[in-house]
Amino acid sequence: MLRVPRRLLWASVAPAAALAAALFSSLARCSRLEPRDPASSVLSPYFGTKTRYEDVNPGLLSGSEAPWRDPELLEGACTPVQLVALIRHGTRYPTAKQIRKLRQLHGLLQARGPGDDRAGRAGSRDLGAALADWPLWYADWMDGQLVEKGRQDMRQLALRLASLFPALFSQENYGRLQLITSSKHRCVDSGAAFLQGLWQHYHPGLQPPDVEDMECGPPKINDKLMRFFDHCEKFLAEVERNATALYHVEAFKTGPEMQNILKKVAATLKVPVNDLNADLIQVAFFTCSFDLAIKGIKSPWCDVFDIDDAKVLEYLNDLKQYWKRGYGYTINSRSSCTLFQDIFQHLDKAVEQKQRSQPVSSPVILQFGHAETLLPLLSLMGYFKDKEPLTAYNYKEQMHRKFRSGHIVPYASNLIFVLYHCENAKTPKEEFRVQLLLNEKVLPSAHSQENVSLYEDLKNHYKDILQSCQTSEECELAKANSTSDEL
């Protein structure tokens, strides 16, 4: 008999609500990263796409290698036969553009007048002076590259998944692993680090060889899959290169919420408010997140902001993700159809091979991309959609929104499709089932809100995308002038 997860009784709960509950639950049991997280900032939940993976999975703060098993994972008479994982790269350095903005802000602090760094209240030195002296260690060459912490993110994810699905990640299957990656170095290096983690799982204590010498070979670059947005002319013309596409982002920057922060930060740092803008404020906030994620330190940049500021700055980041990668424009998600179809082609092939009593030729497919890869796909699948669009004018109404990018796609985020074969199924339709995991937690199905789906039902729900969404047509520019499809 099939053991059905207990939370199937939870069917009335929306998928996003189920995920939100999981995000804030305490996940004990893992092994060792830091026994405590003294550097963790109260701002950590609000860093958007710059969020650490362990802040979405708090149990990892006490250890990050031993697997935490979601009690809703399918087991019993059903055996996992294939795993397809879409994985965002690990923790990275700031981009060169962000570093230049930080350098500009740092220069403003250092250029303050001689009376601006006098002692503040109770004889303490003011924050602006402390930040002017705080080492600016970021350099242009870093430009979004993977950091050691990002490699650690990947090695530890590999160890946990290999422990969670030992039959799929068996040493016998190692040579049959399929790895695809974006051409960006942070993604290529993430795939290599994942393979090193698997090597550690198979050969504890032994130094892994170069990835090129591993049996499965290095990840193969495929930007048409992992950076589909760069190959979609309609997206590039109507969103990426369209000066008005991010209207709500720019409007929010000049709106009352951001202007209040601007004035407050100017007063705190003792710099002219006219020398600051929303972009500089945002880079200061992200510097707090980078120092925490990369070095594990709570820098003085974190002291510039309080939780109310952090919520506003998170919303600014979410507005950008929403209008550029999420539900803001239909083409954002429809441009990911090719990737979605590719995932189901792998699943279809595995089902066909099992039906013929053949071994599954690719039991594990790992695809390394970006937040910009995952968010459109999740939007295509119908996850984290709010009743009202996120706009520059409804910040307060969206305080409890589902679309919070940091809780969906932190560093090292992962969307995993697990295909199960159920021996004792009563009908052929019940023989194959699928579970989705987001960041290692079961993600209820968008069409049924259940924690496991019959494979045929899942395919039927997404029939339009699988059969009718042709990237060549979706991404083709209309010959006549037309406006973007704004929701």
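Note that Cβ sites are derived from N, Cα and C of the backbone, with glycine treated the same way.
Computed from a predicted structure; not experimentally measured.
Among the features that TrEMBL reports, disulfide bond is placed at Cys78-Cys422 (among others).
For Cys288 (disulfide bond), applying a Cβ distance below 8 Å and a minimum sequence separation of six or more within one chain yields Ser41, Leu43, Phe47, Lys298, Ser299, Trp301, Cys302, Val304, Phe305. Feature annotation from TrEMBL assigns disulfide bond to Cys288-Cys302 (among others).
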Surrounding CB atoms that lie within 10 Å of the CB of Cys302 (disulfide bond), all protein chains: 22
Around the Cβ of Cys422 (disulfide bond), the count of other Cβ atoms that are within 10 Å: 20
